[in-house]
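Novice: Got a structure here, written out as structure tokens. Questions coming.
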Amino acid sequence: MGGEEKYREKERLALVVSLLVASLSLVSLLVAFSYYCYIHNKVSKRSKFQQRLANEEENGFKNLQAVSEKGLRVFTLKQLHSATGGFSKSNVIGHGAFGLVYRGVLGDGRKVAVKLMDQAGKQGEDEFKVEVEMLSRLSSPYLLGLIGYCSGSNQKLLVYEFMVNGGLQEHLHHVSGSNAISLKLDWETRLRIALDAAKGLEYLHELVKPPVIHRDFKSSNILLDKSFHAKVSDFGLAKLGSEKAGGHVSTRVLGTQGYVAPEYASTGHLTTKSDVYSYGVVLLELLTGRIPVDMKRPPGEVVLVSWALPQLTDREKVVEIMDPALEGQYSVKEAIQVAAIAAMCVQLEADYRPLMADVVQSLVPLVQRRRLIPKAHGCSNYHATESPAAKESCKL
Ligand SMILES: Nc1ncnc2c1ncn2[C@@H]1O[C@H](COP(=O)(O)OP(=O)(O)OP(=O)(O)O)[C@@H](O)[C@H]1O
Ligand SMILES: [Mg+2]
């Protein structure tokens with residue numbers, strides 16, 4: 001009996017061991033298979049890309065100088081691949097909702113920014129179409145120029161003039177992940193940027209028929225060239241406005257948190273005054289150096305507009321909300337004027353907000369006055385805490 005028991009015990013052990021060996025081999029087989037699939041996928045993706053480039057090379061010569069009926073250059077994927085060093089990571093200068101943005105150099109030596117659309121589907125495709133359509137019929141020194149595009153079945157790319165100082169947002173606020181060098185913007189530069197951006201919106205609202213509503217006006221969509229001249233960018237969400245005076249178009253609410261006008265957010269009614277509200281938010285960013293919605297701030301200070309609005313019309317308080325990065329180097333009189341413009345732009349009642357032409361008219365004298373003051377005179381940026389006499393001597 002004892003011998004039979006031992007024999008059964010051995011039989012059970014052998015069964016367990018063989019089961020163990022079998023499952024281990026199955027697992028290793030599965031691992032090997034998944035690895036094979038992964039490598040195969042990678043190789044076939046790469047060869048598909050190479051194939052596309054090769055196909056384009058065949059037609060490339062034809063396309064080399066291709067210009068669409070809209071007057072934009074039509075690029076091949078191969079041309080943009082080589083312009084951006086093979087879409088190399090070291091050339092990435094930003095990442096937005098559309099996709100990655102690369103620095104690039106065209107064959108003729110021109111510097112460009114290339115936006116490569118994420119494979120995101122309809123929203124991205126629509127934005128691509130609107131951007132190309134809009135920018136091909138708009139032309140202003142205050143709008144970012146679209147040089148051309150590449151539109152394959154799988155890849156959509158936009159090619160813009162390169163703005164060496166990047167987005168305004170990066171200079172006003174620390175943007176995590178951004179590799180742009182952020183520079184402190186002095187008061188004079190902030191005033192000029194405010195005026196350039198206002199002229200960009202004035203052009204869209206008042207000089208184009210029917211008017212164009214930008215719908216995504218914000219500090220990251222104001223780009224700066226080497227002399228810090230500003231241009232408005234990103235028309236992917238733009239809409240043609242109503243031609244009726246005070247009329248609106250009804251549309252899905254899109255835009256960026258903190259910049260969207262309250263009546264547009266609650267009713268979907270879009271007018272040029274929605275852009276005026278967003279412009280007011282950017283003015284507040286220029287004045288205070290704060291971001292439109294900052295969850296890290298104490299309650300009551302989270303939403304920039306709600307926090308700043310009651311203080312904008314109080315001359316004493318304006319000085320308290322100014323950006324500490326300015327270190328007091330601004331004209332209090334001008335700051336009060338800009339704060340008053342911002343207050344009008346962000347008011348709840350859309351009809352009472354100014355036209356962008358009014359904003360331009362209010363800012364022009366501030367910027368022109370500064371041009372007349374030679375920098376060496378030392379008065380172009382007088383200290384906010386200087387004595388009244390010193391301030392007086394700097395007044396024009
Ligand atoms: N033409 C350009 N020249 C130089 N830098 C650019 C240019 N276009 C974009 N950039 C850089 O890329 C960044 C991302 O731009 P992008 O427009 O894709 O996204 P965003 O404006 O931050 O957000 P959103 O997608 O919501 O508009 C910008 O902040 C800017 O630094
Ligand atoms: Mg943008």
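One-based numbering along the chain as shown.
Cβ coordinates are placed from backbone N, Cα and C, and glycine is handled just like the others.
It should be emphasised that the depicted structure is a prediction, and the values quoted were computed from it without experimental measurement.
Copied straight from TrEMBL:
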BINDING   K115  ATP binding site
DOMAIN    87-367  domain 'Protein kinase'
TRANSMEM  12-36  transmembrane segment
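Context for these features, please: burial, neighbours, distances.
Specialist: Around the Cβ of K115 (ATP binding site), a 10 Å sphere holds 23 further Cβ atoms from the protein chains shown.
When pLDDT is averaged over the domain 'Protein kinase' (87-367), the result is 89.
If one looks beyond the transmembrane segment (12-36) by at least 6 residues along the same chain, no residue has a Cβ coming under 8 Å of a Cβ in the stretch.
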Novice: Give the helix, strand or coil assignment DSSP yields for K115 (ATP binding site).
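Specialist: Once the DSSP labels are grouped into three classes, K115 (ATP binding site) ends up as strand.
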